[in-house]
Every structure is written in C-alpha cells, then in structure tokens.
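Annotated features, as they stand in TrEMBL:
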type: DOMAIN; residues: 172-449; note: domain 'Aminoacyl-transfer RNA synthetases class-II family profile'
type: BINDING; residues: T264, R295, E317, N416; note: L-serine binding site
type: BINDING; residues: R295, K296, E297, E383, I384, S385, S386; note: ATP binding site
type: SITE; residues: T418; note: site 'Important for serine binding'
Amino acid sequence: MLTLSKLLFSTAAKQPLPSVGTATKLSHVRLNFKDFNQKLPLIKQNVINRKAQGYANADLVNHLYEEYRRAKFEIDGLRKKRNEHAAALKNVLLIDDEGKRDKLIEAHHKVGKSFKNDLQQREKEFEALEANLIAEAMKLPNKTHPDSPVGSEANNRVVKVVGEKRKTSGRRHLEIGEKFDLFDFQGASKITGNKFVFLKNEAALLELALINWATNQVVKRGFTPLTTPDLARTPVVEACGFQPRDDAGQIYQLEGKNDCLIGTAEITVAGMFSGEILKKEALPGKFVAFSHCFRKEAGRGESSKGLYRLHQFSKVEMFGFTEGSEEHSDNMLSEMLDIQQSLYSALGLHYKVLDMATEELGAAAYRKFDIEAWFPGRGDFGEISSTSNCTSYQSKRLNISYFDKGNERKLVHTVNGTALAVPRIIMAILENYWDEEKGVVEMPDALKPYLPFERIGPQTRQGIVLSGKSN
C-alpha cells in the first residue's frame, strides 16, 4: 500500500526545522543573500510599499550579512592556521634531541591551546551573529507581484463583482440569532471571556454541514483532506510569516511554552512538510484542511459585532505546493480563487473579488486576492476569504524543496486560500436568506442534502433540543 510519505517524499535525507533552543544555521533554512547589497534599494522600497518598517530593517540585514561574511572569512583563516600548526607537530616529533623535542612539543601545545581557545570564542560569537542575521532576515517581507496595487486598503482593486443583492429587510444576524436561540455569547464569556461563542441548535448543525459540504466540494477538485493540530511550534509559525512574539500580532503564544495556537491551518500544513524534499512528480501537492483558528485581536465597533470577528472559529483551508516558478504558483492561485468563487456562488452570495494592495499583503504573500460578501444587516461588504501566493517565502524558511529534471535542488512555492470560514458564512446566510414575511431563514439549496432541516423558523424545531434558558 502506498503511504502519503512514499507518494510525496524523495529518498533524500529529511532536514527538520530546528526546534527552539538549538542553534539556527543558514544550513537549516534556505535564505539566499546572493547580490543582496545590489538589490538593497529595491528591498528597502518593497518594505516601504508593504508598510513593514515596524518590524523589517533591510539595512540592518545587509550590515549583519557583511559582518557574517567577514567573521566567516576570519574563522576559516584561523581554522587553516590551526590545521597547519597541528600538521607541523609531525616535524617536531622527528627531532632526535629529546630535550629540544620536549621543549618544542610543550611550546607547540601552548600555541595549539591558544588557537583552540581563540577559535572556540570566535565560533561562539559567530553562532550568535548567524542567529541574529537569520532572525532579522526572516522579518523581511516577500517580494511583491508587479500588478499588485501599491498603497493602503483604499487602493485595493475590484477585479470582479458576482451576483446581486438579495431582497431582504436588512435584519442583522444577531437579531435572527436571538429570535431562534442560535448563539450564546454570554455563556461563552463566563468560560473564556468576550468574543467567544456557543453555536446552538440549527447554527451548530449548520456549522457541521458547512464544513462537510465545503470539504467535499474541494476534495472533488483533487485536494487531499486533512484535519490538523490546533497547536504549532513557534519557529514554524514564524517561518510562515506570523510574529507570535509581537504583542500587536494576531497569534496566541502559550505562556512558558514554545508553542502557539494556530491562526490558520496554513501553518500546520506547511509545517508538516518542513525539512522535506518532495518528489517532483508529486507536485502540485494540494490539501484541504479543517482546523480551529485562534486570533488575539477580534476587533471593535459596530462592524465587528457578533460572529464577524471572534477569538476562535472553525475554518476549511486550502494549501498547495508547486514547482518553484511563479507560473506554477500563479496557476495554483487562480485554481483556488476559482474554487472559492464556485463555493460562494453555490451559496447564492453576492460578492466581489479584490486584488489586494501592498500594505494589505502581510509578510508572506507575493500576491493576494480577498473576496468580500454582501451583508444586508451591516449594509456593507465584508471579507469572507483570502487566497495568497507566497512563492518561496515559506519554503525557504521551512526548507521544503524538490529536485528538478536537471537534478538541481529547488525550493517549492506555497499557495493558500480560505475555502470557508464558518462564522462569517453563517452570518451571511442568516442575513441574506432571512424572509421577513414568513419569519424564517431558508437554507441554500447546496446545503440542504447536508442538513436535517430546510429552513430555520418556529416550525422547524421538532427534534432539536432547546436549552430552555431564558435570554
């Protein structure tokens, strides 16, 4: 029986990502500093375009790399002198005069000890310098697609608008949820604090139906299904472009641990292949993964009320590995974007596709498209998914590669895309499918085979146990 590892991995030795506490070397990641100095102006402008000055410093990386090169040259020179000194001992041992020989051996050992101590100290300093260089270099954002709009969110480019606004009264999902006892924010807050929720009754069943439906639809497109851990080691999270040690970031880091709660299954699926050499014939590798997701910042204000921003939610995520060219990864990006649109069209949502501006790309994305759906209760569009081509940004940090036809080792490209973020889709369904006249929420036809009910309303409650709790 062919296992996943036999299908995907070459017979070359695995090179795992070092865990926290071990020395991080350039051999453990595949950062390329070739011509960095010549490219420095472009790299600095890219940092500015992506508004990454708060965490990325190209000048510092260039300075550290020059120090790294000088230190490596000096250490190599010391090693050469040490080896030459050690080789010279053979000639001393050939001296016939025993007294003279013993004195020379003693002097030789003193010089050799000095070489050893000096070299050990220099190697210790070099190791710290190398780790610092890597840490700063990993903060630099990915390069940017030439067609990406430059600037802030206001510069996002609308690529396509699909469907039309449904005729509804514009009732908010929180009103509908209260009417039919679908959510319990108060009960969740007693356990965890604000911005957590119990999904109840039809909403709980709708979550399971959405997960199953979306996963099945993506699997039909040739993706391998996965469920993933909800934790990842800090180096893996950082290698994917997230900054868990940044207080302003989105990632929860466990106190006293080198582990984080994941913000997306992109982290765990990418990390599963860290240090691996994939078979070229296994590319593209396509996965669809279910996980819980955890985000520190849940937002404030009217637009973030209810299900729109939560600290914990369920998500079905697409992730792909391609050969190391932008042509291949852009094709994968287009495929994922097409899948997203097919899912949201099947749900009857009115949405628009946005080509995201440089300041909205984060650290890892070379290019990113967001999809925003119409929420009648908000009277506005809101993000329901994104898909990003990360080229080699993640693979060079996680050391994921393959051998091409010429037997040259190359980095894969990685691509990720939201298939379905459950709370926002539930919110969109409730607000778009609310029938004010009938007082029910009809379910989209695509989901009916996955649900034990066709609408949410007073007459649909048979067989569903209510809490009996007063709101």
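Backbone N, Cα and C define each Cβ position, glycine as well.
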Completion exercise
By Cα geometry, the one of the recorded positions (T264, E317, N416, T418) nearest E297 (ATP binding site) is T264
Practice task
Return the residue, from the listed binding-site residues E297, E317, E383, with the maximum count of other C-beta atoms within 10 angstroms of its C-beta.
Solution key: E317
Completion exercise
Excluding its own, the Cβ atoms lying within 10 Å of the Cβ of S386 (ATP binding site) add up to 23
Exercise for the section: Write down the Cα-Cα distance for T264 (L-serine binding site) and K296 (ATP binding site), rounded and given in Å. Expected result: 13
Completion exercise
Cα-Cα, R295 (L-serine binding site) versus S385 (ATP binding site), nearest Å, comes out at 15
Handout entry: Env. residues of L-serine site, Cβ within 8 Å of mean position of T264, R295, E317, N416 Cβ
Key = I262, G263, A265, E266, I267, S291, C293, K315, T418
Practice task
Compile a sequence-ordered list of residues in the same chain as T418 (site 'Important for serine binding'), six or more apart from it, whose Cβ lies below 8 A from its Cβ; state 'none' when nothing qualifies.
Solution key: K315, V316, E317, M318, Q340, I384, S385, S386, T387
Exercise for the section: Work out how many Å separate E383 (ATP binding site) and T264 (L-serine binding site) at their Cα atoms, rounded off. Expected result: 16
Problem - pLDDT averaged over the residues of the domain 'Aminoacyl-transfer RNA synthetases class-II family profile' (172-449) - result: 94
